[in-house]
């Protein structure tokens with residue numbers, strides 16, 4: 001009699017488990033079906049709504065089903081006896097927080113004769129570009145140039161390994177990277193002269209392991225470039241730990257644009273950047289560069305990290321107070337699953353609105369769009385014209 005009762009209880013438990021699993025499966029299938037229907041509609045105006053709504057719907061359905069399955073699932077005694085084979089798969093939303101990319105973020109695979117030429121020369125001279133290291137989606141477009149466009153490249157000097165570990169960045173990190181290549185300034189100037197580029201961006205990893213943090217190396221590279229060819233040079237620098245004499249060393253090197261990125265709004269600095277970097281320090285770097293003689297200062301902000309509209313507007317006000325001339329906005333793109341997840345894919349309409357707000361504040365130039373990066377070629381085309389016009393006026397005044 002006891003055996004019959006135990007068998008009846010076991011069958012009842014298994015029936016409950018089966019019903020719970022069916023609930024999870026049915027809700028997951030319903031979410032998938034709805035997502036497919038949403039995808040079939042297409043159109044950029046609904047892409048963001050589709051990606052966020054589908055994610056929220058899936059989270060609600062799978063989490064609810066998961067909790068229900070656990071409520072009706074086996075107890076501790078069941079597992080101790082070992083007579084029940086049961087499992088509840090974790091909901092997808094708990095395992096993968098990746099937000100689907102909307103249609104406006106798609107880019108063609110880079111290629112073409114100019115692209116191949118530049119890539120080959122980089123390998124030959126053992127040079128690194130942030131375009132490749134940071135997996136920039138605009139690589140093919142920027143390296144192309146031609147047809148009246150400004151051909152640009154962003155060369156990353158001082159190695160491909162950084163001493164810092166910002167949570168958004170794909171560049172390799174180490175406490176003690178390899179020593180600086182003393183031939184690098186000469187190789188960079190040789191490569192740029194051979195390519196015939198109009199505008200070059202020099203950037204670098206952070207080198208906290210070096211006494212001057214690479215400021216002298218940066219300065220030498222700029223000076224060699226300006227001496228070897230007629231090219232406009234933008235220096236996108238690290239913060240040099242806020243040491244003003246090092247900032248000044250680069251700012252007075254003969255560059256045309258001094259750039260340093262604040263990366264995100266003040267409120268998110270600690271979550272996004274390495275602990276040795278912060279908003280106030282970056283603002284002081286930009287201020288001192290202008291004070292030292294840099295005629296154009298520039299910075300960049302990533303969007304989609306969880307910032308609010310009010311925080312972005314406030315950041316713009318602070319940048320104008322620091323006399324920053326150029327600001328760019330771009331969509332944060334998660335380089336790997338080890339990096340910060342994307343909180344939001346900002347719509348083209350929102351990017352346009354931020355551009356309008358910044359322009360109303362008096363910035364010299366604003367580039368704002370999902371695929372815009374701090375060294376984006378459209379901005380360089382504008383800056384190239386601004387710089388050339390200023391130089392022409394200065395020459396005319398001197399005569």
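Each residue, glycine too, has its Cβ placed from N, Cα and C.
Model, not experiment: these values are computed from the prediction.
Under the heading [4Fe-4S] cluster 1 binding site, Swiss-Prot lists 131, 136, 142, 375.
Swiss-Prot lists 162, 166, 169 with the feature [4Fe-4S] cluster 2 binding site, giving sequence analysis as the kind of evidence. Residue 169 ([4Fe-4S] cluster 2 binding site): 21 other CB atoms within 10 A of its CB, across all protein chains. When secondary structure is read from DSSP and collapsed to three states, residue 169 ([4Fe-4S] cluster 2 binding site) falls in the coil class.
Residues or ranges marked as compositional bias 'Basic and acidic residues' in Swiss-Prot: 31-41.
The feature domain 'Radical SAM core' is assigned by Swiss-Prot to 145-364.
The region 'Disordered' annotation in Swiss-Prot covers 31-58.
If you look up Swiss-Prot, you'll see 1-30 marked as transit peptide, on the strength of sequence analysis.
The number of other Cβ atoms within 10 Å of the Cβ belonging to residue 162 ([4Fe-4S] cluster 2 binding site), over all protein chains shown, comes to 23. Listed in chain order, the residues near the [4Fe-4S] cluster 2 site other than 162, 166, 169 are 164, 165, 168, 170, 171, 173, 205, 206, 274, each with its Cβ within 8 Å of the site Cβ centroid. The average pLDDT the prediction assigns to the domain 'Radical SAM core' (145-364) is 93. Within 10 Å of the C-beta of residue 166 ([4Fe-4S] cluster 2 binding site) there are 20 other C-beta atoms, taking all protein chains into account.
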